[in-house]
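Notes for the one structure printed next.
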Amino acid sequence: AKMENHTRMSEFILVGFKSHPGSQLLLSVLFSTMYIVTVVGNICMILIIRMDSKLHTPMYFFLENLSTLDICYSSVITPRAALAFLLGRRSISYNGCASQMFFFSLFGTTEAFFLAVMAYDRFTAICNPLLYPVIMSRRLCVLMVLGSYLSGCINCTIQTGFTFSLSFCGRREINHFFCDVAAVIHASCSNTLVNELVMLAVCGSIIVGTALVVFISYGYIIVTIIQMPSAESRHKAFSTCSSHMVTICLFFGTVFFMYAQPGAASSPNKSNTISIFYTVVIPMLNPFIYTLRNREVKESLKKQLKR
């Protein structure tokens with residue numbers, strides 16, 4: 001019978017944001033617009049960094065990778081959701097759901113590791129400025145990026161494997177606008193205790209681990225900045241970190257709110273709204289946060305536009 005359950009389950013229905021048709025159109029326009037802004041913004045960011053040799057430093061190497069990641073991350077969810085709102089077609093195939101979960105977990109986890117890597121980069125630049133070029137070698141930067149993706153791969157393989165080993169019987173409805181791990185587990189008719197514990201253990205350790213690296217790095221950074229003799233050097237040091245701090249607060253704030261509170265799986269509507277924030281809004285905001293708060297990027301942009 002278990003095998004039958006697997007074969008019969010050819011698709012799921014995503015029922016996130018069930019509401020009257022007028023608001024569906026609005027949601028579709030909103031999602032499409034945000035997606036276009038995300039892709040254009042992040043591509044511009046990549047081009048600015050590529051074209052200006054002054055920006056060929058570890059910090060911008062990570063930023064370029066973050067922009068690429070944000071495009072991928074957003075592409076897994078937003079276009080499909082926008083189409084679903086527009087056409088009212090809410091079904092997603094079993095394999096489609098599995099692959100969406102796989103890539104969403106991959107890019108989401110990698111983003112958390114990237115933010116930790118970028119915090120370490122800022123920590124080295126501000127607390128060890130003389131050794132910075134030695135420590136943050138090109139090789140280490142590439143290894144850190146690959147390591148982040150590898151961690152993402154391990155996590156998404158565990159999450160997707162565990163989730164899709166469950167049985168899905170009558171209730172094919174997933175109370176979300178994409179195949180989020182918690183929402184799909186919720187739709188299963190198996191006993192999901194093991195899955196929930198695995199999700200909590202793995203996601204919990206990733207979130208806590210990367211957040212610890214971030215907070216410890218920033219603890220040292222803030223102490224170092226406060227001890228700087230001149231106001232000018234304090235301001236300069238702070239301005240290289242402020243944009244990253246904003247991104248971190250947005251990302252970890254929403255992720256903590258989503259996964260680290262009890263009953264996260266039990267109030268799907270609230271979590272649907274919050275997850276729009278980290279799946280759609282944050283990838284869109286990142287290029288703006290980094291360009292508007294960053295003098296070097298602004299100067300480079302002006303130079304490119306003059307050309």
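Keep in mind that glycine also has a Cβ here, set from the backbone N, Cα and C atoms.
The feature transmembrane segment is assigned by TrEMBL to 25-49, 61-82, 102-120, 140-162, 197-225, 237-260, 272-292. The domain 'G-protein coupled receptors family 1 profile' annotation in TrEMBL covers 41-290.
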The transmembrane segment (140-162) and the transmembrane segment (61-82): do they have three or more Cβ pairs under 8 Å, with pairs 6 or more apart in sequence?
yes
Averaged across the domain 'G-protein coupled receptors family 1 profile' (41-290), what pLDDT does the model get? Just tell me the whole number, please.
88
For the transmembrane segment (237-260), find every same-chain residue at least 6 residues outside the stretch whose CB is under 8 Å from a CB in it, and list them.
59, 111-112, 115, 118-119, 122, 125-126, 182, 203-204, 207, 210-211, 214, 218, 221, 224-225, 228, 271, 274-275, 277-278, 282, 285-286, 289-290, 292-295
As a test: from 25-49, 140-162, 197-225, pick the stretch that has the greatest number of Cβ pairs under 8 Å with the transmembrane segment (272-292).
25-49
Quick one: do the transmembrane segment (140-162) and the transmembrane segment (25-49) reach 3+ CB pairs under 8 Å, ignoring pairs fewer than 6 apart in sequence?
no
Excluding the flanking five residues on each side, which residues at least 6 beyond the ends of the transmembrane segment (25-49) place their CB within less than 8 Å of a CB in that stretch?
17, 55-56, 60-61, 63-64, 67-68, 70-71, 74-75, 78-79, 81-83, 85-86, 280-281, 283-284, 286-288, 290-291, 297, 300-301, 304
